[in-house]
């Protein structure tokens with residue numbers, strides 16, 4: 001008797017032929033072979049159904065029955081206290097989470113405004129640098145204005161412009 005069982009993800013497949021071998025040229029089995037094949041198919045279905053029942057997820061009705069059994073045992077008071085403590089802990093956790101989220105959003109908005117101010121400051125300083133470079137090159141390029149570096153009042157050139165100082169102070173004060 002040769003029989004090979006292959007297991008798939010959900011079903012077990014059983015070959016269609018029995019000890020009498022594969023069907024003949026007409027594709028017919030004998031009555032006995034057909035009966036055995038039908039019996040094997042029913043046996044296979046029962047095994048699959050039993051397996052599916054065992055692997056089925058637990059339903060809410062069963063959970064409710066279990067909870068009632070726990071309450072009937074006398075742990076009702078204890079169970080209620082634990083549930084109340086757990087509910088309070090969940091509420092506290094949710095409040096903390098909301099607070100953290102709100103603080104994070106406020107910090108993000110603060111950093112965005114700070115970033116915008118710094119970008120404006122960079123643009124202003126870049127323009128000022130370009131202007132000073134052009135001024136220096138124009139001065140250095142003219143041969144008729146040959147100025148000696150010692151003659152330049154570097155302190156007045158390097159002194160910060162009053163408007164620039166005011167802008168920087170207001171920018172940093174807002175941060």
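In case you wondered, yes, glycine gets a Cβ from its N, Cα and C as well.
Unlike curated records, TrEMBL annotations are generated automatically.
Between the listed ranges 101-135, 136-170, TrEMBL ties the annotation coiled coil to 101-135. In terms of DSSP helix, strand and coil, the domain 'BZIP' (76-139) has 64 helix, 0 strand, 0 coil.
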